[in-house]
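Read through the structure below, which is laid out as structure tokens, and then see the notes.
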Amino acid sequence: MSYYETIASRTEPKKQLPWVEKYRPQEIDHIISNRDIILSLKKFIESRTLPHLLFFGPSGSGKTSTIKCCAREIYGKYINYMILELNASNERGIETVRTKIKNFVSSKSSIFLPMGVRDIFKLVILDEIDSMTVEAQGMLRQTIEKNSGTTRFCLICNDIDKINIALQSRCASFRFSPLNELDMHGRLSDICRLEGVKYEKEAINSIIKISKGDMRSAINTLQHVNLVIGGSINTEDVYKISGHCMPEIVTDVFDILFSLNKNKTKSLKKSVNDIITIVTENNITIFNLLEELKNIVMESKFTTSQKIFLIDNFAKTEMYDSVNVDSNNILMILACLFVFVNNV
């Protein structure tokens, strides 16, 4: 069954589902990214040699969808009896391993399941395991070792460096990359067609740009903009409603910063006021402004040492924003950074 036939055949009230769930792949062949990983997993499933798995990579790259599709492939309609899914960011302590996981792996399969299904290993899916405490990871390693004969574990995280090395060594690790723009464009265009969303071509490109390979973020943004606008979506709608900066506006801010000179005190004050006006009128957050400025700085004519100085101090400026320093003061700090760089 094709991806779109699967979506059409689902029986739940689809209009009430968030699009990110409504259009989540249901079969392993429906996943559009990381094809090398998909091929490897299909071979494991076909040969019944699925190892413990560790999926890592950025958000929205298909990690959770992939293992759920694998589970459907293995268990079919009995999936709810054979898997335990936990989010480790909510249940990050050692008690989770002691109780929920141990109880699941030690329990016998339901007598109502067919013999062929009862003989298959169970599956524990642990999402966001990089949020788990060190102690909990240590106990999880022991649980995996003791129950390898009856249970497989799939550990999912964004940051593999936060995972116990001993735990990593017991799993087949797969790095998920952000989705490429072509795949994202195709899926978003198809969703627009199925939902009757009218849009300008550049609007989809803008969603892809601000999502940075995160398919979940892209679909959520598309649905959000569509709900607010209700008509044909354009690029300005996407940036305004998602809270991101229009490229032209960020370029205007950068041009002001690039021209700053520490010897022109009046010019500095006026320039900062101009930037404050732009940021306020366009409802731009400091975080998003800095994110876009990073990209422009990296493509600019600044020397390598100047770029390093600015990017390093952008990170410190983001910290000020995170502790609620007044945004006008942050913009003054930002201007002073460029004054310094322009006169080094």
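Glycine is no exception: its Cβ is also placed from the backbone N, Cα and C atoms.
Predicted, not measured: the structure shown is a model, and the values here were computed from it.
Record features, source Swiss-Prot:
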- GLY57, PRO58, SER59, GLY60, SER61, GLY62, LYS63, THR64: ATP binding site (BINDING)
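According to DSSP, PRO58 (ATP binding site) is assigned to coil rather than to any helix or strand. In the three-state DSSP scheme, THR64 (ATP binding site) falls into the helix class. Around the Cβ of GLY62 (ATP binding site), a 10 Å sphere holds 24 further Cβ atoms from the protein chains shown. Using the Cβ center of GLY57, PRO58, SER59, GLY60, SER61, GLY62, LYS63, THR64 for ATP, the list of other same-chain residues with Cβ within 8 Å runs, in sequence order, PHE55, ASN158, PHE176, PRO178, ASP214, MET215, ARG216. In the structure shown, the C-beta of SER61 has more C-beta neighbours within 10 angstroms than that of any other entry among the binding-site residues SER59, SER61, THR64. A 10 Å cutoff on Cβ-Cβ distances gives PRO58 (ATP binding site) a total of 16 other Cβ atoms nearby, all chains included.
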